[in-house]
């Protein structure tokens, strides 16, 4: 009989990721680069929102976008056309990205040359909420056609982010979407969350969103 | 189903622990998973044999301990399980609380020689 012993480990599986995320933030601080992790479900209008955000801010700062997708180059091409430096990461089946992928993405895009980088995370409201990418702020988009019950179904995502963007506000009359109920639900689980109502298509509400970004970018670079 | 990728991260951790402790043979891996973490124990169990195939954890036993999602009420300091009590304090029904545990995903211990 071999002599087995119990080795106490007590180590979080996320520990390596969290250490890497802290290193990413320290690096961003020294480079004076602001990183936004943008999450949402597929089809919420993430790329359209990113494109309009680039158009609003590109004259004021150097921007870059890291597109993370399971496959394809579709989004990176659209974003590059809008006027930001863009790279595409393909995860090849993985449903989330982690801090190591985020670090490698910053290396490839050349973050030291940029003021503001957006990681367009994989369209998914579950797994991305568990991974700290080392971003300065985390935001998510919920679009009107998805329904106002999403905070009840995916509470972790809504309780993790700093900002919630409610997109496609121009389609309100076609859907039963209770804005006040969403605001109340998310504020209960995350009292510090900032909520923005926008239409990435028409530009409605965009000023408040970009002002919030600019304020946070200035604070980060202080 | 993101459990497969996560179990592969566990394998990396265990390989390092085995190296640090000069272990050659592992019998059992014990994980602790919080009720509120995004890991589903039965999915972890289902993908475990495939994820550990060809690694130091091949043919080892997996044990999972589930940790409760407990919170303390900010109103009356009562500790209650937020899943069983539907997010409301079991004593005063208040919905304002601080989470004590339940989001963990830990490698608790390994039995090895």
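Glycine is no exception: its Cβ is also placed from the backbone N, Cα and C atoms.
Some features that TrEMBL has for this protein:
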type	residues	note
BINDING	B:2	Ni(2+) binding site
BINDING	B:73, B:76, B:89, B:92	Zn(2+) binding site
What subset of the binding-site residues B:2, B:76, B:89, B:92 has a Cβ sitting under 8 Å from a Cβ of chain A?
B:2
Rounded Cα distance, in Å, between residue B:89 (Zn(2+) binding site) and residue B:2 (Ni(2+) binding site) is 32
For the recorded Zn(2+) site, enumerate neighbouring residues of the same chain (Cβ within 8 Å of the Cβ centroid of B:73, B:76, B:89, B:92, site residues themselves excluded), in sequence order.
B:74, B:75, B:77, B:78, B:80, B:90, B:91, B:93, B:94, B:97
Would you kindly give the Cα-Cα distance separating residue B:2 (Ni(2+) binding site) and residue B:73 (Zn(2+) binding site), rounded to the nearest Å?
32
Could you tell me the C-alpha distance between residue B:76 (Zn(2+) binding site) and residue B:2 (Ni(2+) binding site) in angstrom, no decimals?
38
List the Cα distance (Å, whole number) between residue B:92 (Zn(2+) binding site) and residue B:2 (Ni(2+) binding site).
37
In three-state DSSP terms, residue B:73 (Zn(2+) binding site) is classed as strand
Does anything in the same chain, at least 6 positions from the residue listed as 'Ni(2+) binding site', have a Cβ under 8 Å from its Cβ, and if so what?
B:38
What number of additional C-beta atoms lies within 10 angstroms of the C-beta atom of residue B:92 (Zn(2+) binding site)?
11
Other C-beta atoms that fall within 10 angstroms of the C-beta of residue B:76 (Zn(2+) binding site):
11
